[in-house]
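Residues annotated as site 'Transition state stabilizer' in TrEMBL: Arg18. Residues or ranges marked as active site, proton acceptor by TrEMBL: Tyr23. Residues or ranges marked as substrate binding site by TrEMBL: Asn74, His80, Asp87, Leu101, Ser102, Arg111. Residues or ranges marked as active site, proton donor in TrEMBL: His100.
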Amino acid sequence: MCKILIIHGPNLNLLGTREPDIYGKLSIARINKDLTALAKKNKVQIVIAQSNHEGEIVDLIQKAKGKFNAILINPAAYTHTSVAIRDAIAAVGVPTVEIHLSNIYAREEFRRTSLISAVAVGQVSGFGVNSYTLGLLAAIEVAKNVKRKA
Ligand code: DQA
């Protein structure tokens with residue numbers, strides 16, 4: 001069975017109460033519940049982690065090598081600053097899908113650069129909680145190595 005590691009970055013533990021106009025009213029527990037149901041429906045196994053610490057996220061990515069078929073990550077604020085997370089993704093070679101609840105390209109200038117996207121398979125940004133479900137579907141396809149003909 002395909003295994004996908006889902007990583008929520010800093011401050012995402014506060015979802016539901018954190019700037020709900022930008023990030024929505026759903027809690028991380030609720031999002032995780034929806035992701036678990038979607039994974040079950042698609043017959044893949046998921047492991048979910050949240051960390052506010054850059055080094056811990058690097059450790060999670062390093063340990064994913066050989067254990068997971070894909071990673072789904074919302075690197076949150078580290079998207080815009082973390083060479084370490086970018087390097088970890090590049091180093092382990094586990095195909096990674098980057099997601100954001102908000103459209104980072106329609107916000108402040110400093111959010112418009114992602115250090116992660118160049119080492120990700122792709123990015124989903126701006127669909128609120130649906131960014132997670134769309135991102136998980138993308139990660140499932142990547143994990144199963146589904147290729148479609150043009
Ligand atoms: C975010 C966007 C980031 O700029 C921000 O720092 C976050 C959340 C998003 O999901 O929209 O914490 O990754």
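The backbone N, Cα and C atoms fix where each Cβ goes, and this holds for glycine too.
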Integer Å value for the Cα distance linking Arg18 (site 'Transition state stabilizer') with Leu101 (substrate binding site) is 12
List of residues, in chain order, with Cβ under 8 A from that of His80 (substrate binding site) and at least 6 apart: Phe110, Arg111, Thr113, Ser114, Leu115
A 10 Å Cβ contact count, applied to the recorded positions Arg18, His100, Arg111: which residue has the minimum? Arg18
Fill in the CA-CA distance, Leu101 (substrate binding site) to Tyr23 (active site, proton acceptor), as an integer in Å. 6
Return the residue, from the listed binding-site residues Asn74, Ser102, with the maximum count of other C-beta atoms within 10 angstroms of its C-beta. Asn74
Candidates Asn74, Asp87, His100 (recorded positions); nearest Cα to the residue listed as 'active site, proton acceptor' turns out to be His100
Write down the Cα-Cα distance for His100 (active site, proton donor) and Asp87 (substrate binding site), rounded and given in Å. 19
Determine, from DSSP, whether Asp87 (substrate binding site) sits in helix, strand or coil. helix
DSSP says Tyr23 (active site, proton acceptor), in three-state terms, is helix
Let me know the largest Cα to Cα distance in Å among the substrate-binding residues Asn74, His80, Asp87, Leu101, Ser102, Arg111, as an integer. 24
So how many other Cβ atoms are close to Tyr23 (active site, proton acceptor), meaning within 10 Å of its Cβ? 20
